[in-house]
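As recorded in Swiss-Prot, the features of this protein are as follows:
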- N129: N-linked glycosylation site (CARBOHYD)
- 1-13: topological domain 'Cytoplasmic' (TOPO_DOM)
- 35-49: topological domain 'Extracellular' (TOPO_DOM)
- 71-83: topological domain 'Cytoplasmic' (TOPO_DOM)
- 105-223: topological domain 'Extracellular' (TOPO_DOM)
- 245-248: topological domain 'Cytoplasmic' (TOPO_DOM)
- 14-34: transmembrane segment (TRANSMEM)
- 50-70: transmembrane segment (TRANSMEM)
- 84-104: transmembrane segment (TRANSMEM)
- 224-244: transmembrane segment (TRANSMEM)
Amino acid sequence: MEGDCLSCMKYLMFVFNFFVFLGGACLLGVGIWVLVDPTGFREIVATNPLLTTGAYIVLAMGGLLFLLGFLGCCGAVRENRCLLLFFFLFILIIFLVELSAAILAFIFREHLTREFFTKELTKHYQGDNDTDVFSATWNSVMITFGCCGVNGPEDFKLASVFRLLTLDTEEVPKACCRREPQTRDGVVLSREECQLGRNPFINKQGCYTVILNTFETYVYLAGAFAIGVLAIELFLMVFAMCLFRGIQ
């Protein structure tokens, strides 16, 4: 009976880790393609620090999942105690890091207020400077969601660095102007009319409200997904340790 249980856990662990292995391989493939694609996508990514960072994050996640799945599959099939122990420790480290991140996110959630983002924007935003990660991120957000500032265009009246760099010649950055279509490379309808704050040439809604409304549902889904991932990792650690102890 004990042998049947161990055999069942062994195959369950192999199947699950095989899918983890495939997922990691897919992420690795996507990350490598984005960074080395010869058709021009590489140049687009290279001009945006945010996209470049995202591509490296995808690569890192893919590599981590690839290695994790490989260790789990080999440890289960070969019944290798050393691989199973390494797999257990690997999962344990990831579990503790994710748990710590979740606890920190819960503790500091109250700091991510409208006032906090407004203060950061007015203090650090540099306009169309894509070499500054903070400004490039804000520009991407404003263009993607069709919004302007945290609360609206009036935020940029207090943006000291932005006003200094533009010599007070611009009321709002180019990212606040409406485009057709709404993409980074889309044509601005009218930069002059946008600077005068006239509809329909400027996005007047603040990004805080737009993003909050957009992601309100997804926050709960992300929380449920995170709990599910932690539970799966916990079961994998139990399976790995049971196999480790059962293998003679």
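Quick reminder: no glycine exception, Cβ is built from N, Cα and C everywhere.
Counting only same-chain residues 6+ beyond the ends of the transmembrane segment (50-70), those with a CB under 8 A from a CB of the stretch are 17-32, 34-35, 44, 87, 90-91, 94, 133, 136-137, 140. In sequence order, S135, A136, L165 make up the list of same-chain residues 6 or more apart from N129 (N-linked glycosylation site) whose Cβ falls under 8 Å from its Cβ.
With a cut-off of 8 Å between Cβ atoms, the residues of this chain six or more beyond the topological domain 'Cytoplasmic' (71-83) that come close are 10-11, 13-14, 16-18, 20-21, 90, 236, 240, 243-244, 247. In this model, the topological domain 'Cytoplasmic' (71-83) carries an average pLDDT of 84. DSSP gives N129 (N-linked glycosylation site) a coil state; it is part of no helix or strand.
Counted with DSSP, the topological domain 'Extracellular' (105-223) comes out as 66 helix, 6 strand, 47 coil.
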